[in-house]
Structure formats: C-alpha cells, structure tokens
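Here is what TrEMBL records for this protein:
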TRANSMEM  77-102  transmembrane segment
DOMAIN    79-499  domain 'Major facilitator superfamily (MFS) profile'
TRANSMEM  114-133  transmembrane segment
TRANSMEM  145-164  transmembrane segment
TRANSMEM  170-191  transmembrane segment
TRANSMEM  203-228  transmembrane segment
TRANSMEM  234-253  transmembrane segment
TRANSMEM  295-313  transmembrane segment
TRANSMEM  333-354  transmembrane segment
TRANSMEM  374-394  transmembrane segment
TRANSMEM  400-424  transmembrane segment
TRANSMEM  445-469  transmembrane segment
TRANSMEM  475-495  transmembrane segment
Amino acid sequence: MSPSHHEETLPISHEVMSQDDVPSIHSATSSHHHGIHKIKQIPTHASHSHDAPHEQYTSNIEVPDEIYDRLTDSRKIGVIVVVSFCSFLAPISSTSILAGIPEVTATYHTTGDIINISNALYMFFMGISPCFWGPLSQVYGRRNICLITAVLFIACSIGTALSPNLASYFIFRILTAFEGTSFLTVGAACIGDIYRPTERGTAMGWFLSGTLIGPALGPFIGGIIVTFKSWRVIFYLQAALAGAGLIGAFFFLPETIHQRKSDDLVGLPLRRKAAVMRQMCNPWRVVRLWRYPNLLMVALSSSSLVWNMYSLLTPIRYVLNPRFNLTTPIQSGLFYLAPGCGYMLGTFFGGRYADFIVKKYIEKRGVRIPEDRLRSALPFMGIVIPCCMLIYGWSIEKRFGGVALPVIMMFFQGVAQLFCFPSLNTYCLDVMQNDGAEVIAGNYVIRYMFGAVGSAVVLPAVTAIGVGWFSSISALFLVVGACMMGATVIWGKCLRDDIDQKRRAKRAVFAEIAVQEKISETA
C-alpha cells in the first residue's frame, strides 16, 4: 500500500468540493441480495461519514486480499464465461455486416461508402457509451447494468433487422452500439473485482477472446448468411445471441463489485443524495481521469491496436476479392478466420505471459508496480504486429506471396494482439483498483474513437493511396503506440505520483476553506 494512503484525511463538505473530487466512497460492510446471487461485501481501506464523504488521496490503492476469496474458483469461471460471451456481442455486430455491405446498399439504394459510415458511427458510439456505463456500474453495480443493457441490446438488434429505411437503420445501429459496449466495460470491471492483480492477466485473456474473436468471426458468419439468406437475418441472430447472454447473466452472474457507491448514501437527506448521485454518475468523471498521462498514453497505445484491427478487417471484401478473383461473400468471409484462429490461439498464452511478467518483477523488486505488466506487450506491439501489417499490405499491393502470405500475416497479427490487449486492459484495472470501471471506460472511449476513424477512412484511403501505403501508416501508428507504452513503463509511476501530489494539495485547500466556513458559521 502506498504510504501516502495513511496520511490524515480532512472532511470536506460537498458544497466546496469540485465536481472532480466528488466521492469515490467505499464504506461499511454490507450485503446485496439478488436471490441466489448473494455475496458478502467487504469494506475497503477508505471510510467516510455521511456528512463528509471524501475521495482517496492516492490513485493506486491496494485492495484487501481477502476480497478476492469471496467467490469459489468455479463461480469465478462461471463469471468469466458469462461476461466473455456477452462481450462477444457488440464487437461481432460491428463487423458481421461487413460481408453484406453490397446487399445492404442494394436494399437502401445507396453506396458502400454510406453504409461504411454507419459502421464508423457504430464504433463512435461504442466509444462514447463507456463514459456512462463505467460510472453507472460503480454506483448501481455490475449485474444490474449488464441485465438492463442486454434487454436494450436485444430490442435494438431487432429494430435494426426490421428497419424500413436507411435513417432507421442508422439509428438502431447507433443504439445497439451504445448498449453493447457496456458488456466490455462491465466485464473487465468484474475481472478486477474477483481476481488478484497477479491473476488478472490470464482471466483477461479469456475475457478478451470474446471481444476479439467477435470482429474476426462476424464477417465469416455474415458471409454465410448473406450468401443464402437476407442480411437482416444477421441481426435476428444477434438478438438471439443477446437473449442467451441475458439468460446466462441472470442466472450465473452475481454482483461482484466490492461496494456499490449507492449504498454509501443511505441516510443522507434527499437533496444531498440527489446532488452526490448526479456527480457520481457524471460521464465527465471518466474524461477527467485523462489528467493522468499514464492513462492517456496507454489508451492511445490501445487505440493503435484497434485502428489496426478495424482497418485490417473492414476492407477485406473490397481488397482481397479483386486481388484473388473471389466472387461470393462466403469466399471473402473465409479470410476472417485467419485472425480469428490467431485470437483463439493467443488466448491460451497472452494473458498468462502478462501475469508471468508481473510475478517476475514482484520477485525482483519485492513490490508490485502496475507499469511492469506493460513490458509483456512491448515486443509484440512494437515489432511483431507492424512487421506483419507491412508484409500483409505490400504483398497485396505488389501481388506476391499468393493467398498464403496475407493469411499467415493475419494469423500472426491475431496471436500478437492477444499478447497486447490483456496487458493493456489489466493495467487499467491494476493502476486504480477502486475505480477500475471508470479507468477501463476511459480507455475504451479513446480506442473506439480511433476505431471509428479507421473504419471511416480505410476504404477511401485504400482507394486513394493503395493498401500498401495505408498498411504502412497503420504500422507506424503501432510503433508510436509502443513508444508511448514504453514511456509509461519508465515514467508512469512518477507521473501518477506527481498528479496525486497536486490533487492532495488541491484537497488541502478545499479542506481549509471548509474549516474556515464552519468556524464562521459557529462564530
């Protein structure tokens, strides 16, 4: 535990606290009852009074080790299975329609570029929604948010399938994205709730298999459907899968959060409770976390991977069909199996390797530093994936290597990404353990914004400059992302400590003002 955590804290009234400092509250032991989903909650180190809730002085607060023993290993596996399946839904929806874009354009009498904009908007709203679901899951719990958004995801998927015109198609696609990203945020937060920092990488690897296999298998499944049925069947299938996820979450997903913030407000006056709740649910809380340079740099590193993934997957039918004289959606859909198989293979090794690196540096230093985890991803992001992307792009541009070379490069990219994403995602949970959902939400906001840009510009860019040069741009972005990750490894702790010190100084000023106001009131 950081020594600064033991510093004396001063009570502050809500009236003098800035919006940014309004509470991250964790208080007395309580239990939440969800039928069979009853888990005893354990108090964290922080405390508060109803009259003076306050935020932690240090961003990296160690959580009591006994919290992670609340669930048995079998229950934890059940949680991973449920959240991994749910996390499969939004990403598969983002790419399953790619193989059917020509059919959608024919239905709505438009162009492929217009439909591709709908895919970019899908990614854009995947980026916006974590600002809402992250704070809400901290306040109301993971399970409640997962169940509510699953129901809404089903309704929006059916709405997309039934869309009579292009405008309604756009609207329901956007709403589906907004609901679906909650599974990614909540699922990652659940892993942080139930697994120790030295175990999270392995669990995160399994969880991320859903988020990454989805985009890769989506076009393959979509290609089969549009070859034999209407593209609308894609979204009916999506709704059915979401229904299965809803049932699984209802019966097998307990409430995993250590302490719901809403419980800490019991007994407060209604007006005060409403004011505090409004600030705790404010999406701006997610954005304000970017004041920590380490979180911003890691988010940009993650963005380079998402940019690369979607700029690789989006144009396959338009790039590879002409290159290899393919004529049907199912033929181009087969190419998506290459990165999908890579993701599945990487699931078994990437997260475990990240945990191995953490344990190695704990033995070396005698203490866990969250930034050490990022070391496991550096060679894969900085060398392996950029090289694969360059070979992939230029082999298609210059027509060498036949079908085998781009397939092999896509496969190795899939494996390498599973050595990167578990490390990056788990770092977000490790570095600010009490606010893991909000940190991971901020990471998703930036990465999916870049994914949206990549989806929007890839086809026009490939048409304008060729797939080789566009792949070179993606490779350069990955190298820059690896450099930012390396900077975080070296200077991340110092940067965090510097921001924490500034925040403590700011809190001290507010505390002094509060004391002076109280003295004035009693005089």
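Here, residue 1 is simply the first one shown, and the rest follow in order.
Cβ coordinates are placed from backbone N, Cα and C, and glycine is handled just like the others.
Same-chain residues lying 6 or more positions outside the transmembrane segment (234-253) and placing a CB less than 8 Å from one of its CB atoms are 36-37, 78-79, 81-83, 85-86, 88-89, 92-93, 96-97, 100, 142-143, 146-147, 150-151, 153-154, 157-158, 160-161, 183, 190, 221-222, 225-226.
By the Cβ criterion (distance under 8 Å, sequence gap of 6 or more), the transmembrane segment (400-424) is counted as touching the transmembrane segment (203-228), at least 3 such pairs being found. Outside the transmembrane segment (145-164), and at least 6 residues removed from its termini, the chain residues within Cβ reach (under 8 Å) are 83, 86, 89-90, 93, 133, 136-137, 171-173, 175-176, 179-180, 182-183, 186, 232-236, 238-239, 242-243, 245-246, 249-250, 253.
Taken as a whole, the domain 'Major facilitator superfamily (MFS) profile' (79-499) shows an average pLDDT of 88 in this prediction.
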